[in-house]
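Below is one structure, written out as structure tokens; comments come after it.
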């Protein structure tokens, strides 16, 4: 199937100045395939952020304890990691269009099961079903960009962050409106018409074949898969339990965590020496790729921990309503779209990665400093500016810079695998970030409660949140300094 431009958007994205080729060389018309790149990843981010935003209502609806709701997130992540690492194996046997359509239907079926869940156990199982489908979306969206060659690739590349930011920005606004008008089940019922629409786009726009095909298909070995499944599920279980277990059980968790890492190391060693592995890890040892993964990992840790702390801090610490939180997080997320274009334009003109990484870490430090100074009932411009620095500027500048360089030396024949590894790392980093955010907030709340027992719960969240943001400021400055000293990821 050949991707032909269709005049569905009669404008040209101005993403470069003198450093770019003439506009006539940069695909002045966009095709339905460009739309597919955006809406596939949009669907995953929309559902994930809506579930995170409406977590309190969902937990109350299915009568789940915090531990049970956390287990649902861990189950989703574990299944997602397995499906992500086997992504190309499925593509080679089903075809891209077929795999994506099946993934959409499974994702939609999982949404129905979530909406119909009568209890916590049913919800955990339903979210794992959703992961079976939703895990394909991010990797597939990025790999589809490889169908566009030469100057046409740059505009196609912009549709991926467009989908991410549009989904992330609309999710809090839509979730707040649905929760106000209906109940928590609407967060999942709302996915069904969107799944149908995306399926229609995929059916007509996505080719069945891979952009770059391997001569020898990937092979899944039973021993390698057993090690991978055991390691992934055990690691996610440890990360989930560590948020709630007391220090008296820490040795058991450390032992289980060490066992999980051992199983994963054995999996990597097993796959390393196979001629046709599930994922060819031996191709991803360049210093540029490893530094890029480290930058990605740091970014995902920050985003994940802030996605837990920030809504709590806004609602319970500062006293904002659910609707106010939704609009604040949503509008600042949508504001990231023009800054993603600006970031790309600046990188094309001044391709100095370390400078952009420094800007990203300084923006993160500024966000943390502003948030640490917020007081209850604050709704003025300092609060909007602070959240905007995180959602609107930090993520495009740090994660966008990582995306521009991490895969620059990866061969296209193994690009899908390289991106699968990155997205699997993203799931683990998200779990670790959630653990760090939860642990720090709980530890600081307990400390402030011990010092001042008369404080109300909202005041404890405020003080603990301020401590979190001060710590984040120091981490951002330290990471910025480290990235300036290194000479491999420039």
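All positions are counted from 1 along the displayed chain.
Positions of Cβ are set from backbone N, Cα and C atoms, glycine also.
What TrEMBL says about this protein:
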DOMAIN    33-488  domain 'Major facilitator superfamily (MFS) profile'
TRANSMEM  6-28  transmembrane segment
TRANSMEM  35-57  transmembrane segment
TRANSMEM  69-86  transmembrane segment
TRANSMEM  98-118  transmembrane segment
TRANSMEM  157-180  transmembrane segment
TRANSMEM  186-202  transmembrane segment
TRANSMEM  223-239  transmembrane segment
TRANSMEM  251-268  transmembrane segment
TRANSMEM  289-314  transmembrane segment
TRANSMEM  326-344  transmembrane segment
TRANSMEM  384-407  transmembrane segment
TRANSMEM  467-485  transmembrane segment
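Tallying C-beta pairs under 8 angstroms between the transmembrane segment (326-344) and each of 98-118, 384-407, 467-485 places 384-407 first. For the transmembrane segment (186-202), the most Cβ-contacting stretch among 35-57, 69-86, 98-118, 157-180, 251-268 is 98-118 (pairs under 8 Å). Counting only same-chain residues 6+ beyond the ends of the transmembrane segment (384-407), those with a CB under 8 A from a CB of the stretch are 161, 168-169, 288-289, 291-293, 295-296, 298-299, 302-303, 306, 310, 328-329, 332-333, 335-336, 339-340, 342-344, 347, 353, 356-357, 359-361, 363-364, 366-367, 370-371, 374, 415, 418-419, 422, 489. 467-485 is the stretch from 35-57, 157-180, 223-239, 251-268, 467-485 with the greatest number of Cβ pairs below 8 Å to the transmembrane segment (289-314). Among 35-57, 69-86, 98-118, 251-268, 467-485, 35-57 has the largest number of CB pairs under 8 A with the transmembrane segment (157-180). Here the transmembrane segment (69-86) sits apart from the transmembrane segment (467-485); fewer than 3 CB pairs are under 8 Å, leaving out pairs fewer than 6 apart in sequence.
Predicted-model confidence for the domain 'Major facilitator superfamily (MFS) profile' (33-488) is 87, expressed as mean pLDDT. For the transmembrane segment (467-485), the residues of the chain that approach it from at least six positions outside its boundaries are 295, 298, 302, 305-306, 309, 313, 354, 357-358, 361-362, 364-365, 368-369, 371-372, 437, 440-441, 444, judged by C-beta separation under 8 angstroms.
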